[in-house]
Amino acid sequence: MRLTESDRDSALSVSLDSAPEAGPSHSPGSSNGHNGVAAKSNGFSLPHKNGASNGTTNGGVDGLASERHRPPPVARVSLPGSTLYDDSYVDREEFVRLVIQSLRDVGYIESAATLEAESGYIMETPEVAEFRRCILDASWTSAETALMRLGVTQGEGLWEARFLIAKQKYLEYLEAGKTTAALAVLRNEIAPLNPELDHLHALSSLMMCSDPADLRSQVAWDGAGGTSRRRLLMDLQRYIPSSVMIPQRRFATLLEQARSYQQSRCLYHNVPLRNQSYSLYADHLCDRNAFPRVTTAVLSVHDDEVWNLEWSHSGRYLATASKDRTAIIWRVEFDKDPRFRAYSPEFMLSDHEYPVGCVSWSLDDTILLTASENRITLWNSRSGVRIRTLEQHTDVVTALAWLPDGSGFISGGLDRKIILWDADGKLRDTWNRTPIRVTDLQVSPDFTRLVAVGMYDAPSIPPGPGVTQDGGGMGGVAAGGASAGRVSETRIIIYDLATKQPESMIRLEGELTSVKISQDSQYALINRASENGPPAEIQLLDLSSEQVVRKYTGHSQSKHVIRSCFGGVEGNFVLSGSEDGNVYIWHRDTGALLEVLAGHGEGSVNSVAWNPVNERMFASCSDDKTVRIWEAPPPDALGASSRATAAVETEARERASEHEADIGKGKGRRDAGPSTSAGVIASGGGTGAGSSLSPDVASGYGIGSTTALF
């Protein structure tokens, strides 16, 4: 969009003493939509050859002095071609217009006007400036008339734009108490546009609002004196060609998109938003040395395999569940150097007759749930006292999940039951019997879905001639003696949380042992074990499209329940234990294997959990009876850490594309038929309360002993 000669002169008519504020012009006389650009004005006159003054009462010295400080006219520069550079695909006019807009946005009005004159391009036409003024000044009739001149054509776009303007007018009349005028707008302008009947009824019901505050509250609108008109302008911009009316702060939007892309390609990006500082001079890249990949503490109180763990929402407590029939609440001191940080066991929750498989914190961290066989126990996490025990399940409870609002929790088990409880442990609802033996479940953070994974038994097709029936397919179920005439499959069921009805059921190969849902409620992370056939995988399922969009491989899982998780400040990473005793970390978006962390002893690493507050800390638990805390290496330990982990990383990466036949030691999965508690230690009932460990006892267990990889 080029300047005419008269426009170029007027673009220079900006006075330093009277430069208006940056932003869109509200002056109807503006010739090109820029603040400080007067309509049809000569601006600064060209210097007179005879030195006569311009705008002064006498010539001579005063006039000459004035002209010495007057800027010379800006010559227009004509460049060949239409792109920014010879080898560029960027249109020069678009680029320059965005620069002009950016200069005006930050307040460089003179510079913007100079660039317009020199380049011959203007940011926007007088019609655009007039349209903006009409919206901001509530000149609704003129605004509607201007729509057609700005390229909004007949059809749905024009209809929607006119509806938005009429709705704003209607609300402003109601706010001002002009109900008669508002009713006229509703009848004569909104109704003829044929909006949805429900929407029309909702607008008409606003007539009953008792006062302006009630009106603004009901429609989430801040009124004529707020930002509603500017928001309307932004909404209307969707219907106007962007070449005519440039979207607000377009250059900043492009830079933000570039930053987001660089961040998505940064494999180790793990910087909280509050700490992010980006330079335009170089691409964004996070340092691997700031990534948690060394052990800073080994917690060794449990005297049998540790199966599960979960951080409190405050990040200051860690709950662990063990085969030794106990759960432990650990306190973490964040105010110390990681090399000397204290980890103390607050309570040992020992009132379990069977091994503990699940732990889950309430939203306020005051209650800890534990699951042992078919029993759920509520514990006061501040005192370690047992609150109550729930026994509605008839088989092993495999999953506990608090509702996002903290009003209750959901449990699932191998008995095909999904039960909803209130926060005090009172039964609220029992879902219809599920078609799967639930091995894990999660509630989406947006409170809309429940995702459950497990084993599905279905009638089989009678075997044909020469075909033998193996009694049930998956090894875990076959071991439990699947009934004749049925086959077992693994399924994911996505439930509507409000109706408790299944939205979909997805069949996957292999056995599914865990599920985690991303913070944006868009993805589910699912562990898939494989005893025979393809290697084990962790799969990223898009809950909207119900498609697996990413697979993570390299770890080994064939016999054991392994629970993975998302990690990092924005869930950028996928973490998992493995039957080879290592912890594996992948980049979520690319699937790249980033780290293979050694340290645990013999047996499977069963569960991992990222600290929700400290973005550079996570924990893992293993069959070796220990819990390990992982953090970024201290600066003085970087070299030793790299040497210590190089060998195991090389070996694991070579195995990433192969099937790992070797299996770890420790527990096997317990999803093979109804539980009979056979082989499970059943002695010892505890005291009904968690026992607080004294420092002397704690030291005897080796609490807080540090085994760092440096």
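Using N, Cα and C of the backbone, Cβ positions are placed for all residues, glycine too.
Marked as region 'Disordered' by TrEMBL: 1-78, 630-697. Annotation comment: TrEMBL describes 1-10, 650-672 as compositional bias 'Basic and acidic residues'. If you look up TrEMBL, you'll see 23-36, 640-649 marked as compositional bias 'Low complexity'. Taken from TrEMBL, the feature repeat 'WD' covers 299-333, 349-389, 390-422, 570-596, 602-631.
With helix defined as DSSP H, G or I and strand as E or B, the repeat 'WD' (570-596) counts 0 helix, 13 strand, 14 coil. In summary, the repeat 'WD' (570-596) lies against the repeat 'WD' (602-631): three or more C-beta pairs, each 6 or more positions apart in sequence, are under 8 Å. Taking Cβ pairs closer than 8 Å, the repeat 'WD' (602-631) reaches residues 270-272, 290-300, 302-311, 313-316, 318, 320, 322, 330, 332, 334, 338, 341, 343, 560-569, 573, 575-579, 581-583, 664-667, 707 in its own chain, all 6 or more past its ends. Distant neighbours of the repeat 'WD' (390-422): 357-364, 369, 371-378, 428-431, 433-447, 450, 452, 454, 670-671, 674-675; these residues of the same chain sit at least 6 beyond its ends, with a Cβ under 8 Å from one of its Cβ atoms.
When pLDDT is averaged over the repeat 'WD' (602-631), the result is 95. In the repeat 'WD' (390-422), the DSSP tally of helix, strand and coil residues is 0 helix, 18 strand, 15 coil.
Across the repeat 'WD' (349-389), DSSP helix (H, G, I), strand (E, B) and coil residues number 0 helix, 24 strand, 17 coil.
In terms of DSSP helix, strand and coil, the repeat 'WD' (602-631) has 0 helix, 17 strand, 13 coil.
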